[in-house]
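Novice: Shown below is the structure under consideration.
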Amino acid sequence: MLMRSLLYVPADQDRFIAKAHLRGADCVILDLEDAVPDERKDLARANLTEAVRSLRQGQGQVAVRINAGSEADISAALAAGIDLLVSPKADSVADVEALDAILLRHGGGSTPVLATIESPAGILAAADICRHPRLVAVNVGSEDLALALGGSPDPDVLRLPKLLVHYAAKAAGKLSLGLLRSIADYGDVDAIAEAAREARRHGFDGSTCVHPSAVPILNTAFAPSAEEVEWARKVMESAGTIGLDGQMIDKPLRRRAEAILRSASGR
């Protein structure tokens, strides 16, 4: 599942939804949570089926971010025919198990979940959370985590907890999403690009974003460069040799080359 870029779109805003399929995101997330005022939640839920239909004009996945534990949101999302459910405040195994039970009650037995960890307790429980079979991907909610910590959502505050969740996700074989900073400040495109390149160096698979201007930046940063692809091809073509451009060609190097070529092909 390719998830370099996941674009949040408020589920109650038709003018944003109408153009979202043109943005090039690997996944568009229709947001029922933070982006929708309480008085418009019912409207947003009622809008999901038409919104998903509109997004199907594009090539990307379609997801819905629910309000934590909301059966009404889950029922509406499943009825709309989503590819992925985004669950906020997944801060314990019990939270994920409760979500799994709701999905089963509403016929979502095979619906994959992206879980967002947003509290100190969730960070410390990340290894157990990430092992749950319902999850395909995990990220950290920067703003809510900083609030729970009593801190500021600055890169130096977020770096350690995000890396801890990243390690837990990778250990469990799940996609790890995010930047080592908040995504809320979308105006500084150079900073976003550098943060995305940094995240990829650590092995992150992609990131969510709140503005379409970030989508091409993420798609580029989380994809192998032409130079990387050429290097990987040379490695794979060098069977029987022990060195390439001063590097020893061993099994880990070949596996890295294979991973680069898989990523370049969108697998």
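Think of each number as a place in line: the chain as shown, counted from 1.
The backbone N, Cα and C atoms fix where each Cβ goes, glycine too.
Got these off TrEMBL a minute ago, pasting:
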DOMAIN    4-212  domain 'HpcH/HpaI aldolase/citrate lyase'
BINDING   Arg65, Glu118  substrate binding site
BINDING   Glu118, Asp144  Mg(2+) binding site
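For each feature listed, report its degree of burial, its nearest neighbours and the pertinent distances within the displayed model.
Specialist: Take the CB of Arg65 (substrate binding site) and look out to 10 A: across all protein chains shown you find 27 other CB atoms.
The Cβ of Glu118 (substrate binding site) has Pro88, Lys89, Ala90, Asp91, Val140, Gly141, Asp144, Leu145, Ala148 as same-chain neighbours under 8 Å, each 6 or more residues away in sequence.
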Novice: According to DSSP, does Asp144 (Mg(2+) binding site) fall in a helix, a strand, or coil?
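Specialist: The residue in question, Asp144 (Mg(2+) binding site), is helix (DSSP, three-state).
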Novice: So if I draw a 10 Å sphere around the Cβ of Asp144 (Mg(2+) binding site), how many other Cβ atoms end up inside it?
Specialist: 19
